[in-house]
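Enquirer: What follows is a single structure, and I will ask about it in a moment.
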Amino acid sequence: MNSVNNIRSTFLDYFHRNGHEVLSSSPLVPRNDPTLMFTNAGMVQFKNVFTGLEKHSYNRATTAQKCVRAGGKHNDLDNVGYTARHHTFFEMLGNFSFSNYFKEEAIFYAWNLLTKEFCLSKDKLLVTVYHDDDVAAGLWRKISGLSEEKIIRIATNDNFWMMGDTGPCGPCSEIFYDHGDKIWGGPPGSADEDGDRFIEIWNLVFMQYEQLSKEKRIELPQPSIDTGMGLERIAAVLQGVHDNYDIDLFRTLIHASQEIIGVKATGDFFASHRVIADHLRSSAFLIADGIMPSNEGRGYVLRRIMRRAMRHAHLLGSKDLLMWRLVPVLISEMGQAYPELVRAESLISEILKLEETRFRKTLERGLGLLNEASTHLEEGDYFNGEVAFKLYDTYGFPLDLTQDALRRRGISVDVDAFDKAMKRQKAEARANWSGSGDCVTETVWFSIRDQVGATEFLGYETEKAEGIITALIRDGEVVDHIDLGQKAMIVVNQTPFYGESGGQVGDSGIISGANFIFEVHDTQKKGDNVFIHIGEIKTGQAKKHDCVELIVDSARRRKIRANHSATHLLHESLRQTLGSHVVQKGSFVSPDRLRFDFSHPKSISSEELKKIEDLANDIVLQNSKVTTRLMAIDDAIAEGAMALFGEKYGDEVRVISMGNNLEQTGSKKWWSIELCGGTHVQRTGDIGLIHIISETSVAAGVRRIEALTATAARLYLHGQDRRVYEIAGLLKTSPADVQERVQTLLDERRKLEKELNDSRKKIALNGGSVNSQGDIQTINGISFMGGVVSNILPKDLKALVDSGKKKIGSGVVAFISVSEDGKGSAVVGVTDDLTDTLNAVDLVRIISVTLGGQGGGGRRDMAQAGGSEGGKADEALVALKDSLKG
């Protein structure tokens, strides 16, 4: 069968047999490419190869590249689920030549694969070429035997590809498949080309020019090839279906969602199942590649995708959390081709659970507000864009969900008004932003780099060196000298000072010359390896070209080394304890402490934290040698070295290995092995001790631990011991019995608090020490009971109102509790026989307004609210009674 997995394998095997290096898909987050939000084409990982900035041992390559188009210029989100071929996630099959073969081989390889390997009928295929590309047209005739009418010349930019305003570019040749005359549409270049009969399945880009400017284009001395074929599209063709969502992969995912929800993918529910299947793929792959849902950047796009799928699950009537239950099905289909999915399965599931749980609350609130704001609208009307923006800005309800919810009613959103509101808010934010205060722009550092070269770093071998001053910067300007008392920056041709990078802070110390002493407070690495020593002249005057001695503060560096090495041990401990889904998301290494951020969907138990700490300290006690090696990156990865997600590494990397893998699991010799450019201890015993002092949440799916090492850890633990002894003295017990004594006191306190609350409720219900409003009154024919009480918890206040409802039988009960800090909490109850005419939510909001609150919520029979002005509790009850008078 031509399954998706078989088609992918056939493509890669075919090009491997034809001399191409089979490479793994690059991550969905482009490495060191700020121009792209997500990888959206196969050629993205080869940009620097095409432009000549990178060289590799191969000159032919083939990939199955995972791609996402859901933000920025390439945004298919709104169409997904409603068309046959729009996806947020897709796979791009490609073959690439880097100054090796060109048009003839590219055309031959494509034609041979389609007609011989995939056995497509020649009669079903036609091609386009750029209108003046006679060479490509001639080669198509020669290789395929296609007639002239099936080699269509296109004069538009659809058949000319450019990387950007400048850079490599060239004509394209697209291959189309004819689905037959039962489907409307004409061939490319015709009036009916927008129909669905003729579908592009493969694009061959012939990079033969370099665009130097808008007016100037020259021939490349060594042209290249970049091709791309959508796996989902070719799968539809080979499986004899016209719709991508009818291929085996999507049929399996949609069948699973139908089984779980119990609703078939027909009629109004057809698009929703397709949205869920597509968005599951993009969500899972983005999480596996290290993206976590958030309110900005890539994380926000992921959250939009996830929530759109969850919104459609809601439309299908899904009572339980859905998305995470589909993850095993997805991994069964795609895990073999993409093992990162398997490794991240638990993380993907937990993040989807967490996000869907949160979103259900947002959805319920947002849909209620949306329905309230759109009740007067009819089919063909426009929904107010300002209101849509308020839903987004205040309640976290994204625009695309508003559009989706209104689409079924035939109502559009005034997107222009939404955009204007968004721009207005951004302008206000910019006006209120004071900036970073950094007076030196990056261009200064690059200018220095061009003039004097990069700084040579000597700090791995020594903490003391000699050098020559190559640049001085004061107040953001390059100067020739700096004088006593002035704060400045010094650049030296070589330095033992480590410049802040990789989470490790910069070194401090002394730079001295014949006539000056400069105290270094910090060292930064700027503009392509220019090391900036930041500090103050303590004596004399420093000049450009002065010979200097540089001495690092070795005691401070020693503490930093211990903390940095500890992060490596903790990283491996976390992975062994929590799972292989743990990936470093950030770190901060200073002389005082270390901080380590990592992917994990939930808080860590005290037992897990103890195990993590114990594992790391076991390696410290080994006192094994820490090994530093320079290796080819492929060899390092093969040996098991962990690389930081999103970092771009050269062909040669620095590898730090720690600890003996005593269990000899697999082929891994070292306990911890990572790519790292930081400074480290010589033996693990130099770390002394590792103690975790906190574990917190940083963002959805990202946790943080903070830890101390060596003397700092010892002093911290001594302080903890001292506090335990002091507390034991206060409690008149021994340190060993402190926990038991505290538990006894807490139990006694809870018992007394319960007795006190019970007494307050009885007093309030019987009209005791509350004011006279505690009596039952009749207002406009309605029985009313209410009062003001002190320091009753909200849950007890509800119980008090329930008791009141039973006591009066029919009517309204309202109690307000005023806490010691002056805040007011109110609960209003309406007996069931009156809920058709009275709404507890409306009544409690009257109280809330008087108390200075923001409204309230609940059901028609019971609602609660609060406010900061508890002193107005009596006034609030009067306002409520006045409302009952009508």
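All positions are counted from 1 along the displayed chain.
The backbone N, Cα and C atoms fix where each Cβ goes, and this holds for glycine too.
Taken from Swiss-Prot, the feature Zn(2+) binding site covers H564, H568, C676, H680, and the record attributes it to sequence analysis.
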Enquirer: Centre the Cβ atoms of H564, H568, C676, H680, go out 8 Å, and tell me which other residues of that chain have a Cβ in range of the Zn(2+) site.
Expert: R561, S565, T567, I656, M658, E674, G678, T679
Enquirer: Can you tell which of H564, H568, H680 has the least company, meaning the fewest other C-beta atoms within 10 angstroms of its C-beta, among these binding-site residues?
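Expert: If we count Cβ atoms within 10 Å for the binding-site residues H564, H568, H680, the smallest count is at H680.
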Enquirer: For H680 (Zn(2+) binding site), what is the secondary structure state per DSSP, taken as helix, strand or coil?
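Expert: The three-state answer is coil.
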Enquirer: Just counting, how many other CB atoms are there within 10 A of the CB of C676 (Zn(2+) binding site)?
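Expert: Neighbour count, Cβ to Cβ under the 10 Å cut-off: 23.
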Enquirer: In the three-state scheme derived from DSSP, which category covers H564 (Zn(2+) binding site)?
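Expert: Once the DSSP labels are grouped into three classes, H564 (Zn(2+) binding site) ends up as helix.
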